[in-house]
Amino acid sequence: MSGQQSTLRLGSTAPDFEAETSNGKISFHEYIGDSWAILFSHPDDFTPVCTTELGAFAKLEPEFTKRNVKLIGLSANNTDSHKAWIKDIDEVSGSKLSFPIVSDPERKVAHAYDMIDYQDATNVDDKGVQFTIRSVFIIDPKKKIRLILAYPASTGRNTAEVLRVVDSLQLGDKHRITTPINWVPGDDVIVHPSVSNEEAKTLFPKFRIIKPYLRLSPLDATNDN
Ligand code: BEZ
């Protein structure tokens, strides 16, 4: 892994790394194993927005676990700092944060994942070195990157949206569907353009044609065969 910013795209293999975390040393790909993973960075421990975010991810962790998704945080702080801060997070949020937070003071992982900020001059450590931004990577069991988000330091993320994308990706891997704007589980899905109308009659018996290129269908237990 070099110190250069890398260019990661959807479909890239998530760079592997070894690092200290709040739960001990990990090898990233080994940690993921056969699961999905969400690697998400925050700018700095003991800061307000980050505290609310980490607490929210910790409280939603059971929903990620149900979907075979492991969470892992990251910032440029060290492990002692993470451990002390986790106590605050749990106190403030009523959470029980148990997923690891990577300690990346040298920004090695941050550079590999392009998590460095050039925009916010206040998002720097006491030596003026940039902190990480609020990045999110959804990584599948083949270690392929399936989603990349980058939020500014000023704006907390939306954990429900991250979970929603996991649901959409996992459903799309299982069925020949895509999901429309603002879709949430239970809503109609879009029949994938590669599915002919003839095939759709079998795969999606209740599908309806809105336009030749836009076909909607409910998705229920009957689609699981
Ligand atoms: C925050 O978490 O509130 C924060 C962290 C770094 C820069 C700006 C805001």
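Cβ atoms here come from the backbone N, Cα and C positions, even for glycine.
Pulled from TrEMBL:
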{"type": "ACT_SITE", "residues": "Cys50", "note": "active site, cysteine sulfenic acid (-SOH) intermediate"}
{"type": "DOMAIN", "residues": "8-171", "note": "domain 'Thioredoxin'"}
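The Cβ of Cys50 (active site, cysteine sulfenic acid (-SOH) intermediate) has 22 other Cβ atoms within 10 Å, all protein chains considered. A helical conformation is recorded for Cys50 (active site, cysteine sulfenic acid (-SOH) intermediate) in the three-state DSSP classification.
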